[in-house]
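Taken from TrEMBL as is:
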type: DOMAIN; residues: B:33-255; note: domain 'ABC transmembrane type-2'
type: TRANSMEM; residues: B:35-53; note: transmembrane segment
type: TRANSMEM; residues: B:65-91; note: transmembrane segment
type: TRANSMEM; residues: B:112-139; note: transmembrane segment
type: TRANSMEM; residues: B:151-171; note: transmembrane segment
type: TRANSMEM; residues: B:183-210; note: transmembrane segment
type: TRANSMEM; residues: B:230-250; note: transmembrane segment
Amino acid sequence: MFLMTLTASTDLAVPGTQQPAVHLDGVVKRFGTVTAVNGLDLRIRPGEVVALLGPNGAGKTTTVDMLLGLSQPTQGTVRVYGRAPQEAVALGQVSAVMQSGGLLKDYTVEETVRLTAVLFGKPRDAVRGALRRAGIADIADRLVGKCSGGQQQRLRFAMALLPDPELLILDEPTTGMDVGGRREFWDAIRQDARGGRTVIFATHYLEEADAYADRVVLVRRGRIVADGTASEVKALAAGRTVRATLPGARPADLDAIPGVESSEIRGDNVYLHGQDSDAIARHLLTRTEARDLEITSRNLEDAFLTLTADEENPA
Amino acid sequence: MTATTVHRSLPRYGGFTLGMIALELRRLIRNKRTVVFSVVMPPAFFLLFGTSADYRTERAGDGNVTGYVLISMAVYGAMLATTSGGAMVSIERAAGWSRQLRLTPLTPAAYVAVKLTLAMIIGLVSVLVVNVTGLFFGADLPTGEWIGCAALAWVCALVFAAFGLFMGYLLPSENVMQILSPALALLSFAGGLFVPLDALGHTFATIAKFTPVYGVGELARYPVTHSGHLWQAVLNVIAWTLVFSAGAMWRFRRDTARV
């Protein structure tokens, strides 16, 4: 049994003073008898970089489609900067890098971006700017069909940058890229997000969520199962481990420390596992001779597997 | 934050711009298949089937038989060109491009308008190429009537732009023209474009009047021949335009519905 939602990040928002970038309210999406999204409530503040993390079939892409106005929720409302998604998309307030497809092989890289510029009514130099920021200025004259997967993805990124959106949505953006391509792509995104753009990315790569997101929203079966910083989410599922040097420790004493769920002694080192690592650390430092403390979370992969395991949780 | 400084507004005419048409045209010319279908094949057919010595001397209406064949081939070229123009949507849907365009201010109606405009532009190129070829290879038609025929061949090809659009939405294939090109050849035979209907026998000639190529061919040749059933041809063109447009609208609505 674990806590279903963290609320730590909401206290930063001052109610009424800031329009949320994204507001999902009781969103349900059904396809026939299949419920892809089952009651999502989510608020994302401007400037946040949020990972929508979940296994395949969790409802990430369905959620992204609704955020972009490509599909309508069966129930509930979706608002992007207070507008209907379709309208926000048409105004260029929100844009997206989709998973695959969406490119024509017989356009060049530059022509593809230029067409987007024409549609958004942006000048010619906006094209050069977007190509440069996406790191593909050197292949501007290459036919799209001759570009590698990573180059095509950066082209999609260039197109998404063109309207200078306030919110950028990335749907599994690095699927099929090699390690180098992935790092280059994320470097470009990270560089860009410094300007204060809100970014939401759907992913099933845990390390991406861990490395690039301020906030991780873990989705399973169309519901949010955890929401917080990467380390909060990790702690939520797996707790933390406090390691300390404490010669002569006895197992019974360690287990009696408030917050400790399990303990282990290896030589002079003790390993204490528990949800409330702060309480454990405080106890160790104030009531024992422990020194040389180290607090670690288990990696996000463990959290992910624990939280998305397919068993129903009696709350 | 950049957000507050960006001025945002929607484009005029739903995003239908000359800039987009110019870029699309460039891409179209890059596609060898389209160029062969609409610009190379029709004049080649004309040279092959319409320029024998007999045809140059034999009269047909106000001109020679070569001129008659020329008009038929101009109709055929316009038909192929506009169909392939409309059928572009099939490739674009298969590539996910249509979906990508829904992430821009371009409205679906403006998208269709761009495709129709492109179809009519390549249709015009095709008609011009065929007619210029005819000019050098023995077609003999009175100037005014010649221009009238060419104009009618082009305008009536709008039927096939609608046909191409309908098929483009209907068929999920990337190579939709591989299916449509033989289909158009068949319809051209059935509609009396390649062989005069009189040569086909009474029953077949009656059926032919209800096929989509018949009306366009009859109408385009009318300025020179002054013969045939004008009102039947007009009715045929109108009816098929309605059928194909309705079909295209039906599929288009389905395609752009936000489920």
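Every residue gets a Cβ built from N, Cα and C, even glycine.
Remote same-chain residues near the transmembrane segment (B:151-171) are listed as 71, 74-75, 78-79, 81-91, 93, 112, 115-116, 119-120, 123-124, 127, 179-180, 184, 212, 215-216, 219-220, 222-223, 237, 240-241, 244-245, 247-248, 251-252, 254-255 (criterion: CB distance under 8 Å, separation of at least six residues from the stretch ends). Same-chain residues lying 6+ beyond the ends of the transmembrane segment (B:183-210) with a Cβ under 8 Å from its Cβ atoms: 49, 72, 75-76, 79-80, 83, 160, 216-218, 229, 232, 236. Beyond its flanks by at least six residues, the transmembrane segment (B:65-91) meets 28, 33-34, 37-39, 41-43, 45-46, 49-51, 54-56, 58-59, 98, 115-116, 118-127, 129-131, 134, 137-141, 146, 149-150, 153-154, 156-158, 160-169, 171-174, 176-177, 180-181, 184, 188, 193-194, 213, 216-217, 220-221, 224-225, 248 of its own chain at Cβ-Cβ distances under 8 Å.
Sequence-distant contacts of the transmembrane segment (B:35-53) (same chain, six or more residues past either end, CB-CB distance under 8 Å): 29, 65-66, 68-70, 72-74, 76-77, 80-81, 84, 122-123, 125-126, 129-130, 133-134, 137-139, 177, 181, 194.
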